[in-house]
């Protein structure tokens, strides 16, 4: 059990507050210096000096690579990146080796997380929807739920068959889990390396159409409406998809959706020099898509932000575009990058917190800190003005693969407590 | 080559024709004309690049381009070394980066690369000190082919292509030849038309500086030259075409089509030709066909390219 703690003079939604923590939970939040009270002699006092305080964020879409690909990332290093990035909870996808399609893999992941980061960040494994991610046979979802999986997904190898995907949704519902779908028609997306459009046509690279994503988003929406079973759409990237999601929400279809920092900040011209660092799936889209994504995030069509943290070893991106694996290492930089959206007026600070914290907790039933007495004392201090350059050395993930390397970021996580224990 | 050139060649590498100004294109083609004369001599060898080494790194099969560069290098007295995919450690899993660094360690003056990946030539150029000449990368660019095509057309039309219309016919989607030719021909002042079924047209092509057709009968009317592209036969298996005979019926260039083009219209093909599929066999052998002239032009233009890039550090003079 942690010692009593006071965070003094932190800014929460524009107000200077003092936050008292006892027993790992929030005891009180009061206006700064409004009420001096006595605390035990062993109370630790942390002067926040006007830094912003945010409840720890949840990243509901990461790849921690363990078991099987520890050279890219392991649970210890992935959680370290999460802690430094401001994340108190991460949901790790199942495309490990072996695939997380049985309880023993889930349990070993959770054991490793508890052993390496006992106070958090907390790991919530996502179980495979089908055995081996092969899209043939339902995974034992009841077993996965009992072992501690927070959701079900074939992320990375989406289920192409509509009938099987329907059964995934129905059976996951039976097990009390929600399905996260990587929206991608495998036939339309086959062997593609970037967005299909002006740039891909000009530089001679096989492109993936936006329809490859939206046709499957449409399928999922129609199934969700027909079955009245919620579905969560992963890493949405284009205008067509958000138009469909907006339409679905207006009809009351139980659909939620996420997007990533790169779909809000970058477009497919990043690939004009064949940069493997900017290769991601779904691919970076056009400036018009970026504008539509920003609008959809602002109006709530897109419910949550995620990183789709996909670390790779340096040598794996040291190749030509078509040979490079997809993925951006995102945990270290996601909060400063998306803070840009607040600076640009796309999101209010309140909505920024909602997209990164409260909404993910609601969708996936995660622990959440709303700064009410008794809430878990999970929060981080953030300097919204600090300017720093994203370098490999500044990243805590093993994966240094990001197109934002070398860029000046504004805003930085300065300290992080989980359950009242300082982890950063 | 004894005379001093007007300017030192400014480019370390030749990756795509888009990097060249009109003056630089003309300078390169003019240089090619001087070398063209050497190729007609009884003794077709000069000491211009003696002591220089040129690596021919062809990770993708090639007969004419590789041979053309080899002949070009040898006629300038460069030492040429061939490296193919099957003869290299690529088949053992070596990465392009490691292959490149190995080649660099041998300190060549020029590496000519053909590779299946778009951007492969640029990848090497960013990492190696020696000159990189792109001999075709994926679907992206084939600058030396475009330059030799322009060289061949210039022999008939003169330096200005203004008022001329060139039709590029066939698999535009997968064609690095088409992409480079669109850039170069428009730079030289020609109007360019493209013709293919929709399945063989790239995304965004309607924003290129060309007119786009799916009807060959319409596209060929008033053309001054028709450039046929090679159709890779696996396109049918990939689901892009119903069958090859239907393609031939619709898009094979025939004498009937050429009758709709402008009088004296020229026919080009980068080879190798699928006779009867892309181009009627008799048309390929008629006097208007530049197919063999293109091969001869290729040697001259590639001599110019090797000369300009291998001697750039020497001040462009010999």
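Using the three backbone atoms N, Cα and C, a Cβ is placed for every residue, glycine included.
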- Query: Of B:40, B:41, B:114, which one shares the carbamoyl phosphate site with B:64, B:65, B:142, B:145, B:271, B:272 in TrEMBL?
  - Reply: B:114
- Message: Given the binding-site residues B:65, B:114, B:230, B:272, which pass a C-beta cutoff of under 8 Å against chain A? Sequence order please.
- Response: none
- Item | Additional residues around carbamoyl phosphate, ordered along the sequence, whose Cβ is within 8 Å of the centroid of B:64, B:65, B:114, B:142, B:145, B:271, B:272 | B:62, B:63, B:68, B:135, B:136, B:177, B:270
- Item | Pairwise Cα distance maximum in Å, carbamoyl phosphate-binding residues per record: B:64, B:65, B:114, B:142, B:145, B:271, B:272 | 16
- Near residue B:142 (carbamoyl phosphate binding site), how many other Cβ atoms are within 10 Å of its Cβ? 27
- Query: What's the CA to CA span in angstrom from residue B:272 (carbamoyl phosphate binding site) over to residue B:230 (L-aspartate binding site)?
  - Reply: 7
- Message: Are there any residues at least 6 positions away along the chain from residue B:145 (carbamoyl phosphate binding site) with a Cβ closer than 8 Å to its Cβ? List them or say none.
- Response: B:65, B:136, B:176, B:177, B:180, B:181, B:270, B:298
